[in-house]
Every structure is written in C-alpha cells, then in structure tokens.
Amino acid sequence: MAGCPKGSWTPRLRSVILGGAQLIWFSALISELVNQKEVAAWTYNYSTKAYSWNNSRVFCRRHFTDLVAIQNKNEIAHLNDVIPFFNSYYWIGIRKINNKWTWVGTNKTLTEEAENWADNEPNNKKNNQDCVEIYIKSNSAPGKWNDEPCFKRKRALCYTASCQDMSCSNQGECIETIGSYTCSCYPGFYGPECEYVKECGKVNIPQHVLMNCSHPLGEFSFNSQCTFSCAEGYELDGPGELQCLASGIWTNNPPKCDAVQCQSLEAPPHGTMACMHPIAAFAYDSSCKFECQPGYRARGSNTLHCTGSGQWSEPLPTCEAIACEPPEIPIHGSMDCVPSTGTFGYNSSCTFLCAEGFVLKGNDAIQCADSGQWTAPAPFCEALQCPEFPVPSKAQVNCSDPFGTLTYQSVCSFSCDEGSLLVGASVIRCLATGHWNGAPPECQAVSCAPMLSPENGSMTCVQPLGNSTYKSTCQFMCDEGFYLSGPERLDCSPSGHWTGTPPTCEAIKCPGIFAPEQGNLDCSHVHGEFGVGSICHFSCNEDFELLGSENVECTVSGRWSAPPPTCKGITSLPAPAVRCPALTTPGQGTMSCQHHLGSFGPNTTCYFGCKTGFTLRGANSLRCRASGQWTAVTPMCRAVKCSELHMDTAVAMNCSNPWGNFSYGSTCTFQCPEGQSLNGSVRATCREDGHWSDAMPTCQAGTLTIQEALTYLGGAVASTTGLAVGGTLLALLRKRLRKKDDGKCPLNPHSHLGTYGVFTNAAYDPTP
C-alpha cells in the first residue's frame, strides 16, 4: 500500500468472507518518521452483521485486536468519515465496570478529557445501559457516544493495533497513536524503542574478596546483582551484596576482607613454644610448635595452626611426667607389678600367669621404658586347643565352645542320621591337657531281615546303603496268571523292620462253571479249582448234541476262553423254507457256527470271539429265528484300552497307536532332558489285558554311582580295578539300570485300585 501525506487518509475497500459475514475493511497507512522509525498504521474494521456488545467484542478479538479504542478527536472524525452509516450504529470498546466507564482493551478508566458523549448522555435509562455506541454519520450528533443496553444488536467497530508483541523491546509501555505508537520506557531503560539499559560500571574488588554476579540485562547493568565472600581465613568487612539501580548507580561500595584472628598462645609449664606469623601475630595461617623439657612428654598435638574459622587446630598441649599406661590383666590370668600401687612410672615392671587350661601368648614380663611405652605389649591367655577329629559318616555333630572352637572345656555331642545306630560315646570333652577324653563314635546302618521273592513272582530291590539296610526298597510283581496279595512295595524303616508283611502271588480264578443239563463236566486244575490254566471238557448224554465249545480254559484275564456250552435233544426237521443272511467274521475276531437245518437256516447258532488284545462289543452268540432274522446284530471286536499316560515330570513321550490311542499294541517311548537320567523303562507297550507292560518312568538329576551299580547286580562283589577296565562294565550297568523294572504291576481283577505302584485301569470291563 502506498503512503499518504501526513494528515490525509486514503481509504481502500476490499471484501472478504470471514465466519459467514461479509466484512468491509477500511485501512489507511500513515508513513511518518517517529523517533527515526517507520511504523505501520492503525487499521479499522467493522462487521456487516449486528451483534450484542459481548458478541461484538468476541468477533473483534477473534479476527482483529479488539473493539476500537478512541484516542483523540481526529480519530473520531476519521471514523465518522470512512465508516458507512448503519441505522443501529456501532459498538465501541467502552463499558461500565464497577460503575466506572472503562476502556476494555487497556482496562483503564475513561478520563474526562477523552469523553465524547452526546448531549444529555450518558443517561443510563432503566439502569441497564452499561455499553457505549458511536453515532456514525448521525445528522444530529455525528461521532458522539451514547450509553445503551449491552444486549442490543449493533455492528462491531474493530481495530488492528500498531503495537506488537516486541514493540518497545518489551522494556517499556507501547502507547497507541493515530497511525503509530510511542514508547514509555520502564525504569532502567532508555532509547526510542527502550532498547538500551542503564550501566553502573564494573566493580573493582580488593584482595582476598570473592565476587559472584548475575547480569540478566547485560554486564554491570540495571538489575545486575553481585554477592561477595572472602577467601579461606578471611572475613568480610562491608556489605555482602550490591545491586545496580535504575539510576545507573550501585547500592553501596564493595567490601574488603580482613584476616581471621586466633587467640594468643603461651608456652605450657615445663615446655617451650616457637611460632611463625606469615600474615599477622596469631592470625590465619600462623603456626606454633611445642616441646617439653627432659623427663616430660607432651599430651596433645605438638604443632597448632590458626584455621580459617579463627580457632586453633588442636587444644593447647600440656607437659606431664613420663608414665606408662596401666597394662590390662589377661582374661583367665593374673598380673603382679612392682610397685604394686600408684602410677606405672619409668622402670616399673609386671609379670603374668595363666589359669589351668590356658597358655600365655606373649612376654611373661614387661617394663616401663623412658619413652613412656612398655617394652612389649601385655600378653593374653589362650585356651588350649584339642585336635580336630573327622566327622563320622552318617553322623551329626553339635559342639559348644565356651573359649573357642575345639578348645579347653569344649563339649561335642554326636547323633546318627535316621536309619543308623550310634556305636561309642555320644559326648566327648576337651581336657586341660589339650586332649579329648575319648574317641569319636561311629554310625552303623540299621539292617532289616533279608527279603525273598514270592513264589510265582519276582522282586526288585534298590539298596543304596547295603543289602536289606535302611532306605532299601523292594517292589514285587507276579507272573502272568497270578495277582499280588499284599503290599506291592516294602521299605526298610529306621527301626530295622520292613513296613509290612511280604506279599504272596495267588492264581487268578475264573467264575465257577457247572455241567450243562443233560451233559457232563470234567476239569483239570493246575493252580487250584478254576484257577488260571484250568481246562474243562464238556460232553452230552445220548440223543443230545453239544451247542458251543467242547473245551474251555481259564485265561489270565480271569475269564473262560468261551461260554459254557449247552446240550440239546437231537430231532429231525424238514429242510427250512427260509434262511437268515449269511454272517461274516468280525475284524480281529473269530466265528464258529452250528447249522442244524442247512447253512444259516432256522436254529443255526453262531458263536463269536476276538483275537488277543481285542474285546467283543455285542452278543457273543446269534441264533437264526424261524422268521429268517438273527436274534441280534453281528458283534464287533474293539482293541483293549489301556489307561492314558499323563506325565507329571519333564519326561518326553512319543507313542505309536496301530489300533487307536493308548490301545492294545500301542508303544510309547520315553526320553529325559539333557543332564537328567531316566528312572524306569524307556518303553511301555499296551498289553492284551489292558495294562501297560511297564510303569511310567521319571526323570532325575545326578549320575550313577559304583555302589548303585553293584546294588542292582544283587550286591555282587567286584573290585574297583575290574569296574574301571575300559569303562565297559559301568556302561553295561547303566544300561541295565535304565531297563530295571520299578516294580509297578498291571491291574487285574483282584488288585486294590489306587494301591502304590499299580496302574489303575479305568477302562477295565469285568463283564464277559
């Protein structure tokens, strides 16, 4: 925008869309030299919409600076000239606050000189006319003011100020003028823009004075502040702080530092003193040295220094006659001195003795020398030491030592670990001679009676402390066809007794059977009546035929190999007119049919069984009815289920399941993490009786010892040399140990469910 001559205004008109209201901006620039600076002009703005006074101010402050603030008559004339007429006129930035008309932009009260009220205004009609309007282009009072209620809607008359954030360098008050501004500098500042700061000049400080200054506005200028202190050994004489005033003068003269003074000293009785005073007599840094006459010694420091606090470094020493400190009487000893009373002066002597059981450590006689020291330290009495003894194997030792570890009057008590017996004295004492009153005892392992394997069974024992000794564990299992009667595991207790009576192996029995009606029964019993291995032969009377198996055997599962047969009278029937559907043998099963009236004719009976490891699901026999229908559907053979294996340790398990998960023929292998060994079998197979061939193993840390290896060989004696040859035998023993059965037995119909070491087979079906 081009400049205009001083005192003239050139209006420019432009339209902008701002907040939905069309605004007409009248702006004028005045180019004039103020304090040798060019400043921008004040710009006036107004809204095209009418608002209440409050909303008018919001509008002005949002888009410009504020509601217009009238500064002089020329400004009023200019506004009346350039602003268009509006019938409800314009709001300006004056409002009644606390009953005083106030310029809201500066919060300054309106002065009488600046008032431009219309005639008979302000009149405050109805006591609510707190805001001011300006009559623009009014025929009766152009440019005059009138008080109005603030809620009335008028146009907002706004301005954009010449004063900016950095005007007057922020070091003075910016005062708006028409088209410009002037600066009223704060105290301590000067210049057209208040850009200069008053200076007080550099402070000259005396010797030993320390100064620390802060200069917020420049070195040694207005508001600079300097604090003073003294070097060590000096004290301040004068003000501790100076400040540069707005007048450019310091608040006071700088202080000076004087040396700190200590109290005067004199030589002690029977002594001399020599002093050095580098600054002043008995002042900071002065030092005095003291010496005592012959036959006396100084008590205290022989050199004193005057410190920065005005105090001597040590109290004044004294000279006292030479004497030795009283020696201490040794504990558990006695002392005899010459002279026996008074102070221990030069040439005094003392002798020492110890009580029984103690020996003197040091000189037995000492003398007070001319230096005030004894010729040797006072001795002490030490309890006689008894020799250390090895702690017996499997034993616990508890010693009380009143005068030191294993010394005179020490008492040691012995006890054996659980499962061991004490042989010898349970308590020994250290005597005054330095010897024990007896030898330490020994602990021998508790033994139980030898254990034998049950008949028709086997036994596996772990004996870490020797054959049939404490902590020995024996597990029992029976041969196939037998069940365990009694505990599966026995332990050798600390009392030397097994935890129970050895078990026996009893033959598994099948249910009792009887001769069929019109038939005969003949049985042979290997292991008792109807025990496992018993075989029964059936036959029928004359004119009767056998329906079913002629021979049945009691199996290891406690079941007969086939249902008992029946005897039926022989009759002649005509050929059947109907046939039942031909039957097929079930998978993994067997079928045997008796055709009385032709193949699969009426009364044909078919018997079904399953191969080893499979159980029948359905009827074990079907009969063909006269209607041509079988009495039931063909049964199926399902693989026997073993209990699911749940590993509660870190054992890794890998299983193959040919007939379904954890079924007959399933084989699981086990492995331990690196650094652990497998305790049990590396493999378990689901057997035909629904039990696993081996117990679940566990993982345990540690290595196999020679003693454990010998134990698993039944306690056989082998020389250490033989075991070491090539490491071969030890490796074989490790392999043997890993395969060792842990004694857990398969479940059978006579087992106690939940007994320690027995697999509980929840899938076992006792029905035929």
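Placement of Cβ uses the backbone N, Cα and C atoms for every residue, glycine included.
Model, not experiment: these values are computed from the prediction.
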(request) Select, from ASN107, ASN398, ASN456, the one residue given the annotation N-linked glycosylation site by Swiss-Prot. (result) ASN398
(request) Examine the ranges 88-91, 208-211, 244-247, 756-759 and name the one recorded by Swiss-Prot as motif 'Endocytosis signal'. (result) 756-759
(request) Check Swiss-Prot and name the cysteine among CYS580, CYS593, CYS655 that pairs with CYS624 in a disulfide. (result) CYS580
(request) Can you match one of ASN99, ASN123, ASN170 to the carbohydrate site that Swiss-Prot gives for GLU133, ASN146? (result) ASN123
(request) Could you let me know which of ASN467, ASN661 shows up in Swiss-Prot as N-linked glycosylation site? (result) ASN661
(request) Based on what Swiss-Prot says, identify which of ASN45, ASN654 is the N-linked glycosylation site one. (result) ASN654
(message) Give me the DSSP three-state residue breakdown of the domain 'Sushi 2' (260-321), ordered helix, strand, coil.
(response) 0 helix, 27 strand, 35 coil
(message) I'd like to know which of the disulfide-bonded residues CYS163, CYS642 has the most other Cβ atoms within 10 Å of its Cβ.
(response) CYS642
(message) Using a 10 Å cut-off on Cβ-Cβ distances across all protein chains shown, tell me which of the disulfide-bonded residues (CYS60, CYS158, CYS168, CYS185, CYS478) has the largest neighbour count.
(response) CYS158
(message) Using Cβ atoms only, which residues of the same chain lie under 8 Å from CYS319 (disulfide bond) while being at least 6 residues apart in sequence?
(response) PRO268, PRO269, HIS270, GLY271, CYS292, GLN293, TYR296, ARG297, ALA298, ARG299
(message) Counting across all protein chains present, how many other Cβ atoms fall within 10 Å of the Cβ of CYS183 (disulfide bond)?
(response) 24
(message) Can you give me the Cα-Cα distance between CYS505 (disulfide bond) and CYS200 (disulfide bond) in Å, rounded to a whole number?
(response) 118
(request) May I ask which residues of the same chain, at least 6 positions away in sequence, place their Cβ under 8 angstroms from the Cβ of CYS554 (disulfide bond)? (result) ILE508, LYS509, CYS510, PHE530, GLY531, VAL532, GLY533, SER534, ILE535, TRP560, SER561
